[in-house]
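> Features from TrEMBL:
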TRANSMEM  6-31  transmembrane segment
TRANSMEM  43-62  transmembrane segment
TRANSMEM  88-106  transmembrane segment
TRANSMEM  113-133  transmembrane segment
TRANSMEM  153-179  transmembrane segment
TRANSMEM  186-204  transmembrane segment
TRANSMEM  219-241  transmembrane segment
TRANSMEM  253-270  transmembrane segment
């Protein structure tokens, strides 16, 4: 099969699943079962796609990020932490710490013991159930400006669990945000803002530790994938925010259940 077609498919799936709460790892399981021919320099390609998604969210929230950065630096200089944008900057840092620590201490354990189709399927189901429960019982009354350090730390602790394949980083942080009584749109926005340091940090670490480079023969094809993932990610962010203003997230829970059923079927077929 044409390599560019496979690159396009993987790039589109990355752009969609990075920010929708449906688990990118769950979809990768399906893709690797569908496409037997692999992409050369797969690890490097994966990093390229994740960086594309990170740049998409940076572009989408550029004006917000500028305000957050300016007020955060002012809070350092003036020792005044009352501005909502300054507090949001500190809360993003605070919520990033648990994931950073979990990644540092447990990355090898997760890679060695939790990267299986069965774990992915089980996490798809667990997070799907949590979506249904959170939508039913959370109060959805807090705006992002009313976020507290306790709520931020709760969301950050939940984000650390996203290292388990099948959990979905966006899914578990949105659930934690709504469980902390954030309005649905506020929980989604905070989840997206949190994705920036996490995605950039994880992939910069991968580049430095593995010494990844893009071979000359892959520059054009990887650039092709980067652009697709970037564009798809940007529009997924845009329309997902529009979606959550009007609708619950229950549909994503049902989608996760269906995906889990397919992956469980594939897992059982491999055991026979």
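Easy rule for this one: first residue shown is 1, then count along the chain.
Just so it is clear, glycine is given a Cβ too, placed from its N, Cα and C backbone atoms.
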> For the transmembrane segment (88-106) and the transmembrane segment (253-270), decide whether they are in contact, meaning at least 3 CB pairs lie under 8 A, counting pairs 6 or more apart in sequence.
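These two segments do not touch.
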> I'm a bit unsure how to read this: which one of 43-62, 113-133, 186-204, 219-241 has the highest number of Cβ pairs shorter than 8 Å with the transmembrane segment (6-31)?
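Of the candidates 43-62, 113-133, 186-204, 219-241, 219-241 scores highest.
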> Quick one: find which recorded stretch in 113-133, 153-179, 186-204, 219-241, 253-270 has the most Cβ pairs under 8 Å with the transmembrane segment (43-62).
219-241
> State the non-local partners of the transmembrane segment (219-241) in its own chain: residues 6+ outside its ends, Cβ under 8 Å from one of its Cβ atoms.
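For the transmembrane segment (219-241), the far contacts come to 3-4, 7-8, 10-12, 14-16, 18-20, 44-45, 48-49, 51-53, 55-57, 59-60, 185, 188-189, 192.
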> Restricting to the same chain and to residues at least six past its boundaries, which positions have a Cβ under 8 Å from a Cβ of the transmembrane segment (153-179)?
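Residues 18-26, 94-99, 101-103, 106-107, 110, 114-116, 119-124, 126-127, 130-131, 134-135, 138, 140, 186-188, 190-192, 194-195, 198, 249, 252, 256.
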> Which residues, given as numbers and ranges, are at least 6 beyond the ends of the transmembrane segment (186-204) yet have a Cβ under 8 Å from it?
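For the transmembrane segment (186-204), the nonlocal Cβ contacts are 18-19, 47, 50-51, 53-54, 57-58, 60-61, 64-65, 68, 88, 91-93, 95-96, 99-100, 103, 142-144, 147, 155-156, 159, 169-170, 173-174, 176-178, 180, 237, 240-241, 244.
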